[in-house]
């Protein structure tokens, strides 16, 4: 399941800028230490803005250059889920970045991970996983090449099977509770 | 973020806090949480104690609050106080109460989870009591007249109770804040709010001197928690090789990285074993024992002295290496050594037993932890969903690996769909069965062949030893080790080829493969040991200058070795006598003649020999692994890369291409090497040290080799399922490895001329000797009674019964589990 991006924790204490990170508060809200995250975050900003890293927003294109997200098929969804930007452009502030690291960290509980995983998989942000979401999910997982995609018959069969397994109340969609029920039993999550 | 709150619904712990948090938002008075209890913010003063003495904790909370109310010098004495002050007072009281409840909770009572109703808090403001204490407490908001004492307002118990509960809930909220799926802003604002509330109201509870102490306790608790957090961070930063492993994970996926994590875990175990043997066995003997050259057993015999310092001899672990703290034979059997009166033989024995005990404990504990995480994972009811939601490996950061992963996910989807759609028609079931039987037969032949080969080779090496090793070249000297390592290298490949006959599902095929390799290594190891035992007996027999006696006497091994020892002893007395110019010193009182220890004839020392064999095996195994990596992976990669330009076919896609990292082979190799360490460390205390060195260099070498010469695998297996399989094998190997050592401790008499147990009839006698000399006499009696079979047998019976009971209980739980699952399914179907 979602695990910690490399280098997020334990890379040592950087020299903080003038806007020092209020670590005391962040500590209680996070699963990670915020100083090393601060360093990684400020590296994403252009040099001029590094002093005000706490209040700056990093555009999505920059975030996607992180090695941990580069090869991830859900990179766009991850950015959108953690971003608090009003324009929904996927840009992330430092606090959003911390949020993301905290959820992906090894010490985060399975509950919070499954909650965020649900949001990531919910492509249309309607709070449930319906057929369209599942289709998009499968397409993400099978890669971008044409030959690796499933045919529509296979896709239909697959989604049918999934809904049979996970949709307990048979409303044709998977809600958060059903999702958490399914993945909590999985040793791979 | 209203929607966020909805999504919390499923998490149980969230519910309470959610309700509490919601209520908290509605309330004007902020609620407190536990984590940042400032404590000493407000405290009433000592008047409390004067009022009513002898208060107990739980009940008299109300009395206390009343007292506090009276004592706390504040304005609010009746209900028509200004709302701000009133609230403050009330909050103070409640927080005081909360503090007390806090203490109660710390004393072990369970906190209340009731949600307080907001309304009551505002209703009657009682006075609050301020403690003019050392505690720093910032009075935010409405905290003005909070310094006076002698508040006369009576406070109702319910309000205090509610305030206390509120503080409790705030504390709980702070503690579980990180588990909430809220946005950071929201979390931070809630956190700040909660912390302020706690700061404000918490320390105000308590009374008199109790308050000072309580406040002090709260401060210490905070400091302690901060220290714990820092320590956690420090511990995480201390984990070695973390970045290396993460890099490998991102390139190769979690299954390859699991090998390195396993290696690191092994390294940790070996460090502890090393610490034990080095600190408690080798160092005391080196520092406090008799130095080299003072005793015959500690000196290189005259005959070997010439070659003792040669590199070849040292590499072979004879010469000076043999007569040092590295091996069993060096240790003296003096009961205590040095000014510390360090009990060397006892320490040696206990370290040996303790290493094994520690290893058992830690392996079992890791298995149990893995089993918990697994959650009984043979579930097939969510096959597709799991494939969908959990198959992506988030640790992959490399596009090439990601492509492989995509391909394997697609394949697994397609396979699963096909399997679900049509039932597999067993075509040619007879052919398949025949092929499988054939494959198993071939595998058995290979195993038998390799076992026989080892036996043959060990026998041959005995011949060489008899005729003197100097006459033979390098191959003959290292034949055994090389053969074992080569077998370990080539037989698994052979098994791989055989398994292609069987046509199993890849996961099942992997299991068969692992099982066969396991049997191979096991067979090799035990054949080796048996041959070694034979060799020891032979060698011991031939060690003596006079061998006619052993043919005359009986042929049981113990009898022989006992007789041999008698013979050697007799010979030694004769030799001593020769120093006295021929008179046999039956009752001689002549002063002993000084003889150089190097000249004294030595008795056989089979323990050192065994230790040496294991050390040689370990070293040669290490060399073989490194050479295999360098040649098999590195040179191959160089060849493929640079000769591709001038070769007929595409080297990178066809044969030989770049190598993949062989996880199962490496893991098994690691497990078996550890087995050898466990087996041999009783006879050669230096083995853990050598292994630590080996693992350390292995880590660096293999990390480099993987990144430089290997490509990601085509079928990317997830690591989690195999974890307990390897642990189970490790446990099994541990058990088998300790059998020989235990057998020798219990039934074979130690050599009379070397080692810390020389002179005893059995090694474990050191325990009874210690009980006699070092413990008071009644202890020995108690121990004697306790080791009576009459007591031990019922104990064993009890353990068997409890095992049976636990087994039955776990079965019944499993059944209950199944029942619930069925129920769930039927509910699904009904709907």
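From the backbone N, Cα and C atoms, a Cβ is placed for every residue, glycine too.
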Using TrEMBL as the reference, determine which range in B:514-533, B:534-553, B:554-573 is annotated transmembrane segment.
B:514-533
Range annotated as transmembrane segment in TrEMBL, from B:757-781, B:782-806:
B:782-806
Out of B:188-211, B:212-235, B:236-259, B:308-331, which range is noted as transmembrane segment by TrEMBL?
B:308-331
Pick from B:265-287, B:380-402, B:403-425: which range has transmembrane segment per TrEMBL?
B:265-287
Please figure out which one of B:265-287, B:308-331, B:514-533 racks up the most CB pairs under 8 Å against the transmembrane segment (B:346-363).
B:265-287
Does the transmembrane segment (B:308-331) reach the transmembrane segment (B:265-287), going by 3 or more CB pairs under 8 Å (6 or more apart in sequence)?
yes
By Cβ distance under 8 Å, which residues at least 6 away from the ends of the transmembrane segment (B:514-533) in the same chain are close to it?
443, 446-447, 450-451, 454-455, 458-459, 480, 484, 487-488, 491-492, 495, 610, 613, 617, 664-665, 668, 672, 675-676, 679, 725, 729, 733, 736, 740
